[in-house]
Amino acid sequence: MSAFLLLFLVFSSQLIGGLNTPLPSPIYGNLVTILSIDGGGIRGIIPAVVLDHFEKALQAWDKSASLASYFDVIAGTSTGGLMTAMLTTPHPDDPTHPLFTPSGIIEFYKKYGPSIFNETSGWDNAFPGPKYDGKFLHNKARELLQDTRLSQTLTNVVIPTFDLKKLHPVIFSDFQLKTVPSFDAKLSDICIGTSAAPTYLPPYYFENDGTEFNLVDGGVAATNPAMAAVNEVIKQQKLEKNLDISYKKSNEYTKILLLSTGCGTAKAVGYDAQVADQFSATVWAGSGPATNAYDYASKDMTEFYLTTVYPGLQSSDYYLRIQEYNLDPSMDALDNATAMNVENLEKVGQNLLKQPVYSMNVTTFQPEEEKEWGTNAKALKRLAEVLYTEKQLRLRNKSKEKRGRPFIKAVTDLFDRS
């Protein structure tokens with residue numbers, strides 16, 4: 001991009017919409033932009049560090065930029081769901097800004113993590129009930145999010161949970177509010193539900209609009225919520241009703257830009273079939289083999305579906321997954337909120353920015369370095385420019401419409417463009 005064009009875009013952004021302008025609908029641009037944040041308990045510090053760096057990269061273009069003002073959809077599971085709510089709830093003193101910045105979320109984890117994961121009794125996994133009573137997290141979520149509902153967020157939100165009574169995922173999504181009014185629940189209730197990790201925090205019951213919810217951690221259904229977010233966007237196109245996201249024929253693709261952030265994962269330790277053959281039901285359920293298998297399978301299949309079912313995401317220009325694939329096993333626990341571990345997790349996030357971009361090989365299911373893409377920090381810098389350019393395009397096109405000049409533009413399938 002030429003220096004003149006960059007200067008023009010910066011100048012025109014001031015003329016068109018001023019600072020911190022809400023993101024216009026995708027119908028005025030070329031992309032649907034999605035941010036996805038994995039679940040992982042206290043390890044949420046890792047994506048918070050990455051997103052803090054990314055928000056600062058956006059602010060190099062737009063000094064008042066927030067993530068909610070540049071992404072059409074923000075999705076999060078478990079701790080990622082809590083972060084999503086914090087990034088999209090309007091600030092009481094300035095409703096155009098979010099309640100938290102990513103740097104504020106880092107400080108939140110440092111300050112309150114030990115209280116959320118506070119063992120006050122000699123809990124043992126043989127005892128009935130979860131490891132933590134969840135009272136501090138519940139009260140803090142209600143205190144911070146107040147009465148804010150899903151429909152009141154600064155951008156579209158997608159937060160997966162799992163309903164134990166109905167035995168199916170419940171995906172709280174702005175896109176579904178017209179057809180499922182009961183999903184317009186308080187964000188505090190949604191966050192408590194999506195973060196109710198089995199054995200760690202108690203399942204959560206609440207009612208809204210005459211509907212009962214009996215929820216546990218969204219990670220039961222989708223630790224990585226990226227596919228859920230993409231599906232929500234695609235469903236809206238097929239409905240031909242919504243609404244701010246244009247319709248494409250079944251054999252066409254809307255161009256999606258997806259930034260997916262992980263909470264780190266320790267290198268997998270597998271089992272020989274001969275060894276696993278001796279596992280009792282107690283070992284399978286209690287010491288982790290089954291849980292680990294389901295967790296890794298869920299994450300891997302998300303990558304598989306994203307890059308094979310939706311081929312446009314095979315390009316680093318439109319899909320960036322930032323994940324620490326070799327997390328020190330001593331940091332892998334989702335509830336280790338000691339000062340030392342929190343500091344180490346923050347360092348993991350900082351070091352992750354210096355690492356090269358990796359993508360998942362969906363044949364071997366192993367991460368592979370993409371040498372031509374540079375480091376994660378450089379990739380985020382490029383992504384910030386793309387998002388800024390996209391927003392300016394939307395602002396200009398929307399301003400033409402407001403001035404009475406006809407403007408009809410669908411979200412275009414750029415996969416066929418040269």
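Including glycine, each Cβ sits where the backbone N, Cα and C put it.
Here is what TrEMBL says about this protein:
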- Ser78: active site, nucleophile (ACT_SITE)
- Asp217: active site, proton acceptor (ACT_SITE)
- 35-230: domain 'PNPLA' (DOMAIN)
- 39-44: motif 'GXGXXG' (MOTIF)
- 76-80: motif 'GXSXG' (MOTIF)
- 1-18: signal peptide (SIGNAL)
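A gap of 6 Å separates the Cα atoms of the residue listed as 'active site, proton acceptor' and Ser78 (active site, nucleophile).
The average pLDDT computed over the motif 'GXSXG' (76-80) stands at 96. Within the motif 'GXSXG' (76-80), the DSSP-based counts of helix, strand and coil residues read 2 helix, 1 strand, 2 coil.
According to its DSSP assignment, the residue listed as 'active site, proton acceptor' is coil. Here the motif 'GXGXXG' (39-44) has, by DSSP, the following mix of helix, strand and coil residues: 4 helix, 0 strand, 2 coil.
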